[in-house]
Structures are given as C-alpha cells and as structure tokens.
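Asks: Checked TrEMBL, it gives:
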type    : residues               : note
BINDING : His127, His188, His259 : Fe cation binding site
Amino acid sequence: RRALFRRRQRMCDSRFELKDGAVSYQCRFLQSDIYKRSTTANRLVLTGFGTKAVPDPCQTIFSRITSIFNCAKDVRDNAAISVYPFNDEIYAFSEAGIICKVDKGNLETGTKRDLTARLAIVTHTSHPHVVEDGTVYNLGLSFSRKGATYHIVCFPNDKNNDQDAMFEKAQVVSTVPSKWRLLPSYMHSFGLTEHYFIIIEQPFTINIPKKVLSSIFSKTPVHDVCKWHKEAETQFLVVSRKTGQLVKTFYADGFFYFHTINQYEDMNHIVIDICTYKDSSSIDKFYIKALKNAQSDSNFRDSVNSSPQRFVLPLFTDGKFGDNQNFVKIPVSNAKAFVRDDGSVHVEPESICRHNCELPTFNYNKCLGL
C-alpha cells in the first residue's frame with residue numbers, strides 16, 4: 001500500500017540556481033494538510049480529481065454527511081498544479097479554493113489562503129493571469145439556488161507590497177451564469193486581453209447532484225461525475241473588463257481543453273490560441289494504469305496529443321449580412337466566423353502548426369492583457 005501511495009505524492013515546482021558557473025537543483029513536497037494527513041494515515045484521506053480516498057472504517061454515514069458541510073475538517077489544500085506571483089511572493093495553486101505560499105529561497109510551504117471564505121467561490125482555475133501592474137485575475141465558480149455561476153475575481157496590486165491587502169481587497173468583478181444550471185463546465189484556464197475576459201465553456205461538465213451524493217456514499221473522484229456532451233458546442237463568453245458584463249457569445253464545434261496559449265486583440269477581433277482535444281477521453285490516459293500501458297497502447301499517442309488551434313472572434317457581426325460571409329478580416333488568417341440563421345456566430349479555427357503541443361507558456365511581453 002505504501003508503494004501505491006507514494007505514486008500519488010505531488011511535488012512543488014523545482015528550483016534552479018545559477019551561481020559561480022554552477023547550477024544547483026532543489027525540489028520539495030508541498031507540505032499541505034492533505035499530504036501530511038495521508039502520510040500519517042498511510043492512505044489517501046481525501047478524494048481528488050482522479051484519485052479515490054481509501055475509506056475510513058470508523059466513519060459512519062452520518063459523519064460523511066456532516067463532513068460535506070464542515071470544510072474545516074476536510075481542507076482541500078493540495079495546491080500542486082501551478083505557481084504564480086502575488087507581489088513579490090509566490091503561491092501554489094490547484095483548482096480548489098486554497099492556495100499555499102512557497103518560500104522562494106528554500107521552497108518551504110508557508111501561509112495558506114482560503115479564497116472560498118472571502119469570495120464565496122468553491123473552485124477556481126489553476127492558471128490566473130498576472131497583468132503588468134501586478135494585479136491578479138482568476139475565474140471562479142459558485143453555486144446557489146439559481147444554479148452554477150462563473151465569477152471573474154480580481155486581486156488588486158498593492159503599491160506597498162502588502163500581501164494581506166491584495167487578498168483583503170479581492171472582489172468579484174464579473175458574474176456570468178452557467179449554460180446548464182447544475183452542470184457547470186470544467187475549466188482549467190481562461191483568456192484575458194486588453195479589454196475583455198474570455199470564458200471558454202466547454203461541453204465537459206461536472207454533475208453537481210452526483211458529486212454531492214458521491215461525497216456521502218462512494219467518495220467517487222471528481223472525474224467520475226463529469227460527462228462529455230458529444231453533441232454540444234463550446235461557447236466563448238466574451239466579458240467586458242470595464243463593465244463586467246457579458247457582451248458577446250461565440251460558438252464552436254465541441255472540443256476539450258486544459259490550456260490557452262496566447263490571446264490578444266487585433267483589428268476589432270479577439271484572437272485566442274488553445275491546445276485543443278477532440279473530446280475528454282485524453283483524461284483517461286493520465287491514470288497510472290494507462291501510463292504504465294502507454295507503450296503497448298496503440299491509441300495512446302493519438303488520445304493525448306492536443307492540437308494548437310487559433311480561434312478568431314470578430315466583435316462587429318451585429319446586423320444583417322449575406323449568407324456564408326466570413327467575418328474574419330485579419331489578413332493571412334484562415335480562421336472563419338459565420339452568422340447563423342438564428343443570429344448566433346459560429347467560429348471555425350485554423351491550425352497554428354502541424355505539431356502537437358501542451359503545457360504552453362504565455363508570451364506575456366507581446367500578448368498580456370494590458
């Protein structure tokens with residue numbers, strides 16, 4: 001069992017230091033409560049996105065129900081996906097609403113920030129945007145009687161480098177309802193340009209009723225209560241950074257994605273590059289069992305290869321136009337956008353290159369939403 005548990009340990013990002021003609025390397029396990037509790041118990045104590053907790057034989061059905069409403073006893077602080085700066089400090093992120101400070105010198109785990117308590121969100125993306133003045137934006141999710149709602153959250157930069165002020169002044173600057181009330185889209189990243197936020201609502205959704213029931217009875221991983229809607233489209237929700245209002249929605253054939261690449265504005269168009277998959281089956285290939293069998297699985301490579309695609313969203317398509325008119329007016333672009341009979345705009349991407357890619361890095365010097 002210990003060997004099985006060790007495969008699920010997660011490391012903080014590594015640190016390299018170049019000094020006096022030599023390179024030193026350092027890495028540490030993020031000392032989250034979940035990590036320490038699991039190590040002590042010699043088992044996974046909390047169900048994650050793709051991993052199932054080993055049941056506690058002493059926990060009754062009533063204590064399981066109680067645990068849903070007692071977040072303090074079920075802290076989701078395994079922030080082992082990404083690292084981003086807040087002023088001159090760095091924080092580790094996951095899709096749960098708790099981030100962990102990491103010491104830049106020795107990679108020790110420091111203060112934890114529970115963003116769910118102040119901002120009333122239950123999750124957020126692992127990839128916020130940090131703009132030129134140090135302000136941080138992220139996309140969060142909340143639930144209410146009206147259903148699931150997406151929120152753009154702003155952490156304004158503090159001129160005095162006061163870390164507490166950035167979090168104390170954090171606020172929701174935009175709210176957009178989910179297409180499906182109880183089936184919010186799974187989102188790992190989002191887009192930001194000079195004037196707009198871009199929420200990419202893909203047809204891979206989390207079934208909230210199933211998730212609640214699984215928390216009580218089966219401790220099913222999040223992935224197991226998600227569904228790919230193969231007939232549904234992907235929506236691009238364009239939100240004004242100035243007003244926080246949804247200004248336009250674009251539609252594309254359904255695709256699955258984790259990461260955006262770059263996004264910017266050009267000639268009254270939004271250009272957004274995304275690492276796309278044809279569907280969500282790629283997730284299944286990242287389980288340990290699938291990775292072990294990767295060499296013998298003839299379909300493995302095709303399943304995990306993402307295609308870098310460029311979508312161009314023209315912002316001037318209102319009114320009556322001729323049939324089959326392409327509204328993408330950027331020179332040399334092969335992307336397309338058509339107004340359909342119901343007035344909605346359907347976009348078709350162009351391939352950026354023939355090679356597959358994933359885990360991109362933003363070219364913030366050119367494409368940051370200033």
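Yeah, the Cβs are placed from backbone N, Cα and C, and that goes for glycine too.
Curation plays no part in TrEMBL annotations; they are all automatic predictions.
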Asks: May I ask you to report the DSSP-based helix, strand or coil state of His188 (Fe cation binding site)?
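Replies: For His188 (Fe cation binding site) - judged by DSSP and reduced to three states - the answer is coil.
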Asks: Setting His127, His188, His259 aside, what same-chain residues sit with their Cβ within 8 Å of the center of the Cβ atoms that define the Fe cation site, listed in sequence order?
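Replies: Near the Fe cation site, beyond His127, His188, His259, sit Ser82, Thr125, Ser126, Ser189, Tyr257, Phe258, Thr260.
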Asks: So if I measure Cβ to Cβ from His127 (Fe cation binding site) and keep only same-chain residues at least 6 apart in sequence, which ones fall under 8 Å?
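Replies: Correct list: Ser82, Tyr84, Phe93, His188, Ser189, Phe190, His259, Thr260.
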Asks: His259 (Fe cation binding site) has how many other Cβ neighbours within 10 Å of its own Cβ?
Replies: 19
